[in-house]
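Participant: Take this structure, written in structure tokens, and hold onto it; I'll ask about it next.
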Amino acid sequence: MAAIKTAIPTRRFDAVIVGAGGSGMRASLQLAEAGLNVAVLSKVFPTRSHTVAAQGGIGASLGNMSEDDWYWHMFDTVKGGDYLGDQDAIEFMCREAPKVVYELEHFGMPFDRNPDGTIYQRPFGGHTANFGEKPVQRACAAADRTGHALLHTLYQRNVRARTHFFVEWMAIDIIRDAEGDVVGVVALEMETGECMILEAKTTIFATGGAGRIFAASTNAFINTGDGMGMAARAGLPLQDMEFWQFHPTGVAGAGVLITEGVRGEGGILINSNGERFMERYAPTLKDLAPRDFVSRSMDQEIKEGRGCGPNKDHVLLDLRHIGADTIAKRLPSILEIGHKFANVDATKEPIPVVPTIHYQMGGIPTNIHGQVVAPAADGSQKIVNGLYAIGECACVSVHGANRLGTNSLLDLLVFGRAAGNHVVAQNLKARSNKALPKDASEFAMGRLNRLETSTGSEKVQGVANDIRSTMQKYCGVFRTDELLTQGLKEILVLDERRKHVSFKDKSKVFNTARVEALELDNLIETAKATITSAQARKESRGAHAHSDYQQRDDEVWMKHTLWYSEGNRLDYKAVVTKPLTVDTFKPKARTF
Ligand SMILES: Cc1cc2nc3c(=O)[nH]c(=O)nc-3n(C[C@H](O)[C@H](O)[C@H](O)COP(=O)(O)OP(=O)(O)OC[C@H]3O[C@@H](n4cnc5c(N)ncnc54)[C@H](O)[C@@H]3O)c2cc1C
């Protein structure tokens, strides 16, 4: 309940990583093991980061179940992303995949095993052999708790490597010097209200996604897009923010995720007639078509009156035929989620499900080393010195317009490691920290102090809830010009309302309320970026399904969107269609 102090101390590090999820801890491990002085900040205890909730698996062409090839994985990723992904980055990720999975195995990650001792791999949406010919088992899994196993493995390795964790510390803003280089962050200790400058030769954002800009989301409450908000306020662009993935199987009414691994293990979607409708939409991959495809098919069934329940507003996920033994062995958490959130015994009854916001394909633009890149005035891509972004807050872009299941955990590992290696190669120990600008903390402290003194009439939760319901209503599975234009108007009104937020009783402000108010500033930046970018894109591609423009338009729209907070402005840049060593996959119609 302490008031915010204004004189703030400074601590100095080689590297500061904001975020202790899979990407942050993979990078920090690389740095700490190389002997760098590294601080990792997290709003929650590291192993409570959203990565812990990942269920299904990590994609890598180990070929443990049948023949597989990184090149097939690359094809699936390019096609799954509806040709918007950068093919150089995708090649890099798919080639590195087996290496990062074996590394985890050597770190002690408890993967499920085949009888011959190799890592068990399950089928997943959009994973195919021989360029789309038939499904392949590529998802490396630890039951339906893969993220949990991953995060604990990485945390333990980091403790051994003496990574310095700042638990329940929230980064508020980055510090850029006169040359635009990033020299650290200003952060708030959530328990005491103390603020501090963490000076760093390198700052890495690993802050995760912003799923909480939508009302129905599979994401943790802390996923408020802080990295994107900080980048936007520092004048950096956000890339491809119109592309948000709806996961086909969120528990209806609760939003909690049911992993695609359920369909990987044989589960099927049925409508009110008991029909396995995905056979009609995707004759080859059926229930394992990519997520954007399955979500739209489900929405179509509901729209045409074949939804289930009294309001005909969901469909059913049926896993009864898989058998109680396999469910208990491979999908134990799903049984529990069925009981707790849908009140069903999944071995005997199907689970009611509905497409639910799950993942942002866009984020802070980076190259394959994780370095943040922003266009210079002459149109060239300029590296922002001292700043990296990795994981869900970054856009490399490997997921294009739609991510394949299991490619996010892979992205965290590959690019977390690559960013770590790139930083290590710069020999930071031999360099001193750049001087801090005189007004280093002014901007961040100004935001905090504005909250303390504001006499406005808006409440944080009121504005935050309105952002979520507006995004849900106007920026959903199917979009139209009318919906997006109206939604954009309403989000801009909310941006104004947000400026008048104040605390009810100034003598009794809890730090949790301060944190929520700071998060609100990040939610609104992310929401503005999303709906502004979506409103401008007049085509349908991947997760951006536009009812007024139902075709993909490669001639005009095969380009990445860049959104700037200042002036709510858009710019575009070319997609990298040239891979590193192989031939380009040329755009084709997407059928499954
Ligand atoms: C329910 C669920 C299941 C999923 N299952 C899979 C799957 O099976 N396979 C797959 O590939 N992908 C899956 N995904 C996606 C994948 O898990 C996420 O994209 C990924 O874990 C994000 O990792 P991250 O390291 O980017 O961030 P996160 O794990 O979200 O961590 C973010 C970190 O940043 C910190 N942070 C944020 N803001 C601040 C701030 N201002 N100051 C300090 N710290 C801050 C947080 O405390 C946290 O430590 C799933 C996602 C969900 C929601």
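In case you wondered, yes, glycine gets a Cβ from its N, Cα and C as well.
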Participant: Say TrEMBL lists HIS247, THR259, ARG403 as binding substrate: which of HIS314, HIS358, HIS369 is in the same site, per that record?
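Facilitator: Answer, per TrEMBL (substrate site with HIS247, THR259, ARG403), from HIS314, HIS358, HIS369: HIS358.
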Participant: Near ligand 1, which of the recorded positions ARG48, HIS50, VAL52, HIS247, ARG291, ARG403 have CB less than 6 Å from any of its atoms?
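Facilitator: Near the molecule: HIS50.
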Participant: Taking the Cβ of GLY56 (FAD binding site) as reference, which residues of that chain separated by at least 6 in sequence fall under 8 Å from it?
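Facilitator: Looking at Cβ-Cβ distances below 8 Å from GLY56 (FAD binding site), excluding near sequence neighbours, one finds ARG122, PHE124, ALA139, ALA141, ASP144, THR146, THR259, GLU260, GLY261, GLY264, GLY405, THR406.
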Participant: Around the C-beta of HIS358 (substrate binding site), how many further C-beta atoms are within 10 angstroms, looking at every protein chain?
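Facilitator: Excluding its own Cβ, HIS358 (substrate binding site) sees 26 Cβ atoms within 10 Å.
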Participant: Cα-Cα, whole number of Å: HIS358 (substrate binding site) versus ARG291 (active site, proton acceptor)?
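Facilitator: With distance taken Cα to Cα, ARG291 (active site, proton acceptor) is 10 Å from HIS358 (substrate binding site).
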Participant: Just to verify: the residue among ARG291, ARG403 with the fewest other Cβ atoms within 10 Å, which of the recorded positions is it?
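Facilitator: Output over recorded positions ARG291, ARG403: least Cβ neighbours within 10 Å is ARG291.
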